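Q: I have a structure here, written as structure tokens, and I will follow up with some questions on it.
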Amino acid sequence: MNVNQVAENLALSHQEELVDLPKNYPLSENEDEGDSDGERKHQKLLEAIISLDGKNRRKLAERSEASLKVSEFSVSSEGSGEKLGLADLLEPVKTSSSLATVKKQLNRVKSKKVVELPLNKEKIEQIHREVAFSKTSQVLSKWDPIILKNQQAEQLVFPLGKEQPAIAPIEHALSGWKARTPLEQEIFNLLHKNKQPVTDPLLTPMEKASLQAMSLEEAKMHRAELQRARALQSYYEAKARKEKKIKSKKYHKVVKKGKAKKALKEFEQLQKVNPTVALEEMEKIENARMMERMSLKHQNSGKWAKSKAIMAKYDLEARQAMQEQLAKNKELTQKLQVASESEEEEGGTEVEELLVPHVANEVQMNVDGPNPWMFRSCTSDTKEAATQEDPEQVPELAAHEVSASEAEERPVAEEEILLREFEERQSLRKRSELNQDAEPASSQETKDSSSQEVLSELRALSQKLKEKHQSRKQKASSEGTVPQVQREEPAPEEAEPLLLQRSERVQTLEELEELGKEDCFQNKELPRPVLEGQQSERTPNNRPDAPKEKKEKEQLINLQNFLTTQSPSVRSLAVPTIIEELEDEEERDQRQMIKEAFAGDDVIRDFLKEKREAVEASKPKDVDLTLPGWGEWGGVGLKPSAKKRRQFLIKAPEGPPRKDKNLPNVIISEKRNIHAAAHQVQVLPYPFTHHRQFERTIQTPIGSTWNTQRAFQKLTTPKVVTKPGHIIKPIKAEDVGYQSSSRSDLPVIQRNPKRITTRHNKEEKL
């Protein structure tokens, strides 16, 4: 039997059991509810019976016909031929009053415009920057007049704000002062009679507390400092925890070395401040050293050392680490030597020698050292002793020493040349004195008379020069009065250096008299250039192997080798024939000092060398386009032929002639100097309105030599003056008269970025 039929029969039997009631029978609410519950139960029963079949039946979709009228049940608009709108859907809603809230929401949505697309991140950041720039420029623009005023001020004295004087109570002011004069005592008596507050405090404790209490700004600053201190403390604690977790041995090794260096510096500082505490620290360090020495960790016997030894051949850092460990092992295993009593007695004499530093011995032993003037006295004493023993062989020995030193060291020091000149002059004077005793008295008388004539003539010439006020470099001939001195003519090769030597000048009358006595002897009173000629003549006979270049080695500056124009050479004796005006001792000392300082400076040669280098650098360079293996065989050791080089060589065109071509003593650089351009003014400075004003100011001297004392002080007044002992605080808005904004503009921008972007978009649309 089918299940459906069973269900229908059950339903019919259930209906038969129901009692038929009349139509007008009144039903209560409970009865209505019971009927609805019965229907619901009946429906559930039918569904349960249907499900007993065991097969899932598919529910067929109900078909509905499209209606031409648009309502909440049908939204088709095919029949009307128009698009479906929101108003069509809202027509049935208008009639019903129960959907008031829905109507309001729909009206609100209808009134709103289409939502714009959100801007990308780059555009938002750009808008933020623009707004922040405009706000910041607006805030900073209020400082422009103050900056302009400070720039225009002739002088700024910091601190700008005047310090307020400290308000002291009257009892503090009168604590160290008493009435001494009768008038003061009378005034104080009157005040005491009237009970005026002379010594009583004017302020109550509450008023004092209010004055001493910090302001709101100070409290905020104090709180900010405490917050910063707490943040730093937490930061360092986190850093310490992080470092504690690091397992790298290399990191801990580096940290350990850094701590050791820091401890060493602190120990040195502590040793200067508190020696007793430093001694205790020294004992702790010694105990740590003993413990480290007992552990013997630095013998290159561990796993780490063995692995580093394998890589030391290829890795430089590993090799360096091995060397450091070996050095540490050597330092730790080193025994501390303690001297015994016998050794102390024996070494007592050596202590005194060790007190003198080795640097002093090096200075005395090293003749070619940095300061040869320190051993000048020692060398001069030894030379004088040698001249006393054998005065006849002095010139030959001196020449031999000069030649030997030149052969060993070509670049002779300036100080050595001055020392040799001084020693040779001393030897010449002593030799002349010895030979003067051996000559007959007759020759002495004749030579004394001739020397007196020379002196008288020289005095007359000096008197004439004083009267006529002639120039110092005027020449006067004294051929008839000067005694004829017999001397050998030097060889042609030696003539040129002799002529280039400068004649020595006579400074005082006492020196003239001494020279008059010495000039009477033949081959003795000649200065150094003549003696050098005689020595150069003797040295080739004695030593034929000596080269001729040594004759011209003593010459410091040879003008003939450098100057482009040849100057006429004049043969002149070394005996002074001209007397210049008497000079002061200060000028003489100054000239002697300059002479000693620039004795060995070959400035002309250096200058001409520098000029040649500048000319070569300014010449245009030829371009060589030769390639190896192009048209010829190429390879290692093969060079292109000269023909190929000439073929592929592009010669540079000759540049314009240099401005200093015909000026031997001038170098004119025609290229732009980058270093000088950095110091040149590109834009006219602020106070000036025309370039001529600036040039006139630069050209005007500001020294006290060309200006009065008052003008000099005004010109050299410093632009900024600071008072010593005063704290220069930054300028505030309250000091100038502005009100400082409590809230910054930038946080406002960061708090409301959407508001700024929408406003910016509206401005762009407008």
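Heads up, the Cβ atoms here are built off N, Cα and C, so glycines get one too.
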Q: Looking at 34-52, 110-128, 452-470, which one does Swiss-Prot call coiled coil?
A: 452-470
Q: Look up coiled coil in Swiss-Prot and report which of 68-98, 316-346, 564-594, 626-656 it refers to.
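A: Matching range for coiled coil: 316-346.
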Q: Among 156-185, 216-245, 276-305, indicate the range for which Swiss-Prot gives the feature coiled coil.
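A: Residues 216-245 are the ones Swiss-Prot records as coiled coil.
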Q: Going by Cα-Cα distance, pick out whichever of the recorded positions K121, T204, K732 is nearest to S51 (phosphoserine).
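A: Among K121, T204, K732, K121.
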Q: Rounded to an integer, what is the Cα-Cα distance in Å between T204 (phosphothreonine) and K121 (SUMO2 cross-link)?
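A: Rounded to a whole number, the Cα-Cα distance is 63 Å.
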Q: Around the Cβ of K121 (SUMO2 cross-link), how many other Cβ atoms lie within 10 Å? Please give the count over every shown protein chain.
A: 8
Q: Which residue among the modified residues S51, T204 has the fewest other Cβ atoms within 10 Å of its Cβ, if you could check?
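A: Across S51, T204, these modified residues, the one with fewest Cβ atoms within 10 Å is T204.
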